[in-house]
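**Student:** So that we are looking at the same thing, I have put the structure below in structure tokens.
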Amino acid sequence: MLKLQKKLKNDYGLVFNDEDLLKTAFTHSSFTNEERLPKIANNERLEFLGDVALSLVISDYLYRTYPEKLEGELSKMRSSIVRTESLANFSRSCGFGEFLRLGHGEEKMGGRDRETTLENLFEAFLGALFIDQGMDEVRKFIQHVVIPHVKNDDYVKVIDYKTELQEVLQIGGETTISYKILKEEGPAHDRSFVAAVFNNGKELGRGLGKSKKVAEQKAAENAIKGQNHVS
């Protein structure tokens, strides 16, 4: 962790007070499984927290920066920014993958550069930063790493199928869209998810993905295309 601490200080001016917290953020579930450590020792809880912090900061930035855009447009922009591919790229740009503690099996299967793993790592780091130093530092970090790409429009042109589906269905009148994870398969370090999207209780489509977010996006895409099957 000393090399990581040095990198964070040199690149972002960050010095973690709680090194164990930082270590947890960079601990994959495959590592804790192989080492027979408690599940709470991996980064999944921090990922949950970081996901919320990231969404809040991005939402606040978009709201203040684009006063002319409607809610639907802002939602579409935010979804494009926080999607799996985008967050994985942010994680790569920070060089985080090098410091991730992985199990040997996951390492051999290329887990260190798997997009969902890097996405989760980026969110876990934000969660750890929030606990260690508060929301202001999280905001500063996101402004340094993420916001420049938003200003360059790098991540706001990607199709967000969930928002697109909502817009299509709303044309036909009142609608209640919901998503449900139908199935989880595979070991903890290499999960696959099957999601379904419903409108007013009627299933419209299913999707398969390596994360719940990806599976839901795929379900929405299949619903738009009229494909009521897993793909």
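In case you wondered, yes, glycine gets a Cβ from its N, Cα and C as well.
So Swiss-Prot lists the following for this protein:
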| type | residues | note |
| --- | --- | --- |
| ACT_SITE | D51 | active site |
| ACT_SITE | E123 | active site |
| BINDING | E47, N120, E123 | Mg(2+) binding site |
| DOMAIN | 5-134 | domain 'RNase III' |
| DOMAIN | 160-229 | domain 'DRBM' |
**Student:** Hey, for the Mg(2+) site built from E47, N120, E123, who else sits with CB inside 8 A of the CB center?
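**Tutor:** So the extra residues in range turn out to be N43, E44, L46, F48, G50, D51, E119, L121, F122, A124, G127.
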**Student:** Out of D51, E123, which of these active-site residues shows the lowest number of other CB atoms within 10 Å of its CB?
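**Tutor:** Selected from the active-site residues D51, E123 on minimum Cβ neighbours within 10 Å: D51.
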**Student:** So if I measure Cβ to Cβ from E47 (Mg(2+) binding site) and keep only same-chain residues at least 6 apart in sequence, which ones fall under 8 Å?
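**Tutor:** Sequence-distant Cβ neighbours: N120, L121, E123, A124, G127.
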**Student:** Counting across all protein chains shown, how many other Cβ atoms sit within 10 Å of the Cβ of N120 (Mg(2+) binding site)?
**Tutor:** 28
**Student:** Find the average pLDDT over the domain 'RNase III' (5-134) in the predicted model and report it.
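**Tutor:** The average pLDDT of the model in the domain 'RNase III' (5-134) works out to 94.
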